[in-house]
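Noted in Swiss-Prot for the protein shown:
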type	residues	note
CROSSLNK	LYS274	SUMO cross-link
INTRAMEM	104-116	intramembrane segment
INTRAMEM	117-122	intramembrane segment
INTRAMEM	212-224	intramembrane segment
INTRAMEM	225-231	intramembrane segment
MOD_RES	SER326	phosphoserine
REGION	117-122	region 'Selectivity filter 1'
REGION	225-230	region 'Selectivity filter 2'
REGION	293-299	region 'Important for intracellular retention in recycling endosomes'
REGION	310-336	region 'Disordered'
TOPO_DOM	1-20	topological domain 'Cytoplasmic'
TOPO_DOM	42-103	topological domain 'Extracellular'
TOPO_DOM	123-132	topological domain 'Extracellular'
TOPO_DOM	157-181	topological domain 'Cytoplasmic'
TOPO_DOM	203-211	topological domain 'Extracellular'
TOPO_DOM	232-243	topological domain 'Extracellular'
TOPO_DOM	268-336	topological domain 'Cytoplasmic'
TRANSMEM	21-41	transmembrane segment
TRANSMEM	133-156	transmembrane segment
TRANSMEM	182-202	transmembrane segment
TRANSMEM	244-267	transmembrane segment
Amino acid sequence: MLQSLAGSSCVRLVERHRSAWCFGFLVLGYLLYLVFGAVVFSSVELPYEDLLRQELRKLKRRFLEEHECLSEPQLEQFLGRVLEASNYGVSVLSNASGNWNWDFTSALFFASTVLSTTGYGHTVPLSDGGKAFCIIYSVIGIPFTLLFLTAVVQRVTVHVTRRPVLYFHIRWGFSKQVVAIVHAVLLGFVTVSCFFFIPAAVFSVLEDDWNFLESFYFCFISLSTIGLGDYVPGEGYNQKFRELYKIGITCYLLLGLIAMLVVLETFCELHELKKFRKMFYVKKDKDEDQVHIMEHDQLSFSSITEQAAGLKEEQKQNEPFVASQSPPYEDGSANH
């Protein structure tokens, strides 16, 4: 009997602190995922780094042997200056010095990468004034960009996600959850095709040194705002229509980021994912826990603004696709 009482008390203890246990496992899983990534990257990339270091040492030794009039400290000083300039986007190579980094189109591309926090790092401000302006520009521009993306994604989601799902639910009587899942998968497939596969094929043709994998890698690194900077389009020697090309890339990155956020918002609104997310939230038991800045169920871009604002109030009996927090849609909008 004591064992049964102890077992039941343990079960009650686990159930009472279920959210804390789930959160603990979430933190542990994230840390393990970080360690897993570090182990894989280290095991894959470290041998290549070692080979490259050996190759550079051999080239340096051979160069000094062929040019005995040049001392090693002089060569080190020259290479250090070249590498320092390269870090600022200026190359000493004759076939790479024809493109300016701070003409208008290049500056426009740089501004877009700063505001979207992609930041390839291939071009950086050279002057103290440019660095100071970059700080001020980013402090104002990044929140402005978040507000802009929030408004755009909210409006696009209404027309691209909620109204189509509501249309099939009301007009054809399909289950809303099933329609939402199918719609999210189709939307993800279309987005990947239009903003990853097709642009990757285009970049592999326009960029001389890029294959399809490298082009796809650039698209993913850019639209996920990782922006490593190892691949930057439009930097080739004598790039044709470089100004127009840079403007097109800027538009592609902006539209692609919006598309990615719309897909993310669509998946976040799925009922199953909402239930899964709530497993890691703090359970609101007390009245003071109810007062907070952001609702737990509103960790998405479209939740910052009102959902589907301006729709008629007499259609409240039509349940929206998201949750009860979003105002219902018009019947007329679903029949378009």
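Backbone N, Cα and C define each Cβ position, glycine as well.
Summarised as a single figure, the pLDDT of the topological domain 'Extracellular' (203-211) averages 90.
Within the same chain, residues 89, 142, 222, 225-229, 232, 235, 253 sit at least 6 positions outside the region 'Selectivity filter 1' (117-122) and bring their C-beta atoms closer than 8 Å to a C-beta of that stretch. Taking Cβ pairs closer than 8 Å, the topological domain 'Extracellular' (203-211) reaches residues 218-219, 231, 233, 236, 245 in its own chain, all 6 or more past its ends. Proximity of the transmembrane segment (182-202) to the transmembrane segment (244-267) is established through 3 or more Cβ-Cβ distances under 8 Å for residue pairs spaced 6 or more apart. Counting Cβ atoms from all protein chains shown, LYS274 (SUMO cross-link) has 16 others lying within 10 Å of its own Cβ.
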